[in-house]
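What follows is a single structure, written as structure tokens, with notes after it.
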Amino acid sequence: MNTTYKVENIQSVSDIVYSNLRNMIFSQDLKNGDRLIESNIAEEMNVSRTPVREAIKKLEAEGLLEYKPRRGAIVKGISREDIIEIYSIRKAIEVLAVEYSVDNITSEELENLRELSNRSKKHAEAGETELFNKVLKEFNQLLIETSRKPRLIRLIDIHLDYLERFRLANRGQINRRKEAIEEHDEIIEAISKKDKEEARNAVINHLNNAQKAYLDVVLE
């Protein structure tokens, strides 16, 4: 945390500290069980302790940190229960999103989804993990954006972000990557046919399989 922030508004400082800490959790620069010390963070970011305290409260509310007596704020790991809850929420909101996508997607966006799926295949076959994950993120983002529902998009983004930091633990599952690509193609096909029921089923199947893959890692 070497970046220096010079912002006058306390709320702006709090937002910056929050975003920076959140990104560090997602990138695993801050790992599960790491302790966040307000004074150290304030000194390293060249801010007062007040915005740091506010940022920590937001991260606690989001479930990324937990408060422990005599230890303070600790980076929280992702449990089996967390994964089940997150995927239950994702199923509910992403099924709704794909129904809107069937109605609102353009032919250009559909072609872009196909192109991203093809790129992900190439990266998976070449064992290019970083590029595969990058394209996967682009695919997911484009897919939800085709719903044209900003509030729904934001809800999905929150839960995708939360799972993003766990993706590192799931990278070794090569077979799961191939399955995920096939499932993406099934979603694309259903959307292209304007078949909402098939699209809903494809999304649910994809998320059920993704949940199982995450749980397999947690229970190892």
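The count begins at 1 with the first shown residue.
Each Cβ is built from the backbone N, Cα and C atoms, and glycine gets one as well.
Features reported for this protein in TrEMBL:
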type   : residues : note
DOMAIN : 11-78    : domain 'HTH gntR-type'
Averaged pLDDT, computed only over the residues in the domain 'HTH gntR-type' (11-78): 91
Tally of residues which DSSP labels helix, strand or coil - the domain 'HTH gntR-type' (11-78): 38 helix, 10 strand, 20 coil
